[in-house]
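Peer 1: Have a look at the structure that comes next, please.
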């Protein structure tokens, strides 16, 4: 099929139930002045109106409206994917899909040479060699400013520049907050589901696959060495040694590894699954994504998956499976 | 959106190879799914609205006016307005000029003729909405919209209705102005069903490596080596055949064989696109019925 053109679907007329908590901008929520007014509301002549389209949330005496759609608002500790849009004085400006651009200070990144290195003027001058406009990175929100904009940091080995994959943006509302936002998926592919809705699907790095066995081997070795009694200082401090080993210039490299056609195919399959879930407005987490992937394998060739009806039916299948198996 | 170096090389490597895989896993000759409706603006002779999954929307209206002229090329006026761009920006002016020239060169002016002296003059107004917010600092250009705009123009022209001519046409030399019926129920199609004439379409294809990509998406545009726009009218390749800059990043020259391949691809995809557009024209539009 070369092209499909369809008539846009009309909004379905639904029966508005009495007491439905869905409100539209400008709709009167209450004329009782005792309510405290939270986000998404405004107050005019002792009456509270909604300023966004969403559902009404009442907590004790606090009245707020949770919008259906909207820009991401960062919170401390969120794992994000962002794109550098500007290089400035000792800081990068990062697009995170929020109301404000986030900042990443030169002081909050790992520089080649390890954690104990001091930042010098030459680092300031060569900031573009680390991260330049357009570069994608994953980071954590370190703190928030009073206007709601975020300050990021990448001071961990799991954060940093992104390579070997594709970028997908979905609405941030759909990402289910979880303990962990980076996952290794079946098919030798990993994903970072940024809380801001920006996702990165990439080839699972070799070290991460080998990591598991290596770390168990190491603990065994440590155990045996501990048993034999010759303990060396700094033996248990794996992270610092690894950081020093790995934070060479490689962490800021722009070169992709060699990627086989099958890995690329799997990546684009996952991308389509992610977009299917997003098209059907299903909250996205690792389990659902893997289920969508398994379902999509049943549809055969990857290049059928960009079709709208296929995406719709993948989404429906995920929901149906979840109902059958339970959410677990 | 500016892509990172790693993304660019990933996309380029996927596209340029022998077995190219596009980022959205389409085949090289496939379009993204489009949405379209026509005749939804009540005060125009014909109108259409087409939008693609990037969210870019193209609203086209056709209005007709009776004028006395001999100059056939005056009969079609095209005006493209892109959201966030000044009216006299290079993008708007060159899109308008390209569409206008392409339409004038491939138009059957017989359908606009009333008498020897009087003709319908068509004003085709095109409005492009929901241009991505990051367009200003990205390296893609919006010339790929030519394809979307020409589909919108096709639908608007094909759905255009004109009032029924009541004055006599027997004597084509007559001086007085033609007169029309007041009743819109009697309106006739601008392009009658029995006429073989079809408005022309413009396709934009991207060239990368030894591959020809139909309907390049915005992230693909940033890595393409060059782009071509190719006209298609009633089964034939027509002017314009020219290269368009799909991105401001450095392009490359392309092989002559690739041009032949691109022309063949357009010949192949032309008919299915026309059929898909015709099926939209044949769907009853009840845009207001559902609300009132």
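FYI, residue positions are counted from 1 along the chain as it appears here.
Positions of Cβ are set from backbone N, Cα and C atoms, glycine also.
Those TrEMBL annotations? Automatic predictions, nothing curated.
Features from TrEMBL:
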- A:22-57: domain 'Exosome complex component N-terminal' (DOMAIN)
- A:71-143: domain 'RRP4 S1' (DOMAIN)
- A:165-204: domain 'K Homology' (DOMAIN)
- A:1-24: region 'Disordered' (REGION)
Peer 1: Under an 8 Å Cβ to Cβ limit, what residues of the same chain, 6 or more beyond the ends of the domain 'Exosome complex component N-terminal' (A:22-57), are close to it?
Peer 2: 63-70
Peer 1: Of the residues in the domain 'Exosome complex component N-terminal' (A:22-57), how many are helix, strand and coil by DSSP?
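Peer 2: Counts, helix then strand then coil: 0 helix, 19 strand, 17 coil.
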Peer 1: Counting by DSSP secondary structure, give me helix, strand and coil numbers for the domain 'K Homology' (A:165-204).
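Peer 2: Breakdown, helix to coil: 3 helix, 21 strand, 16 coil.
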Peer 1: For the domain 'RRP4 S1' (A:71-143), jot down how many residues DSSP puts in helix, in strand and in coil.
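Peer 2: Helix (H, G, I), strand (E, B), coil: 12 helix, 28 strand, 33 coil.
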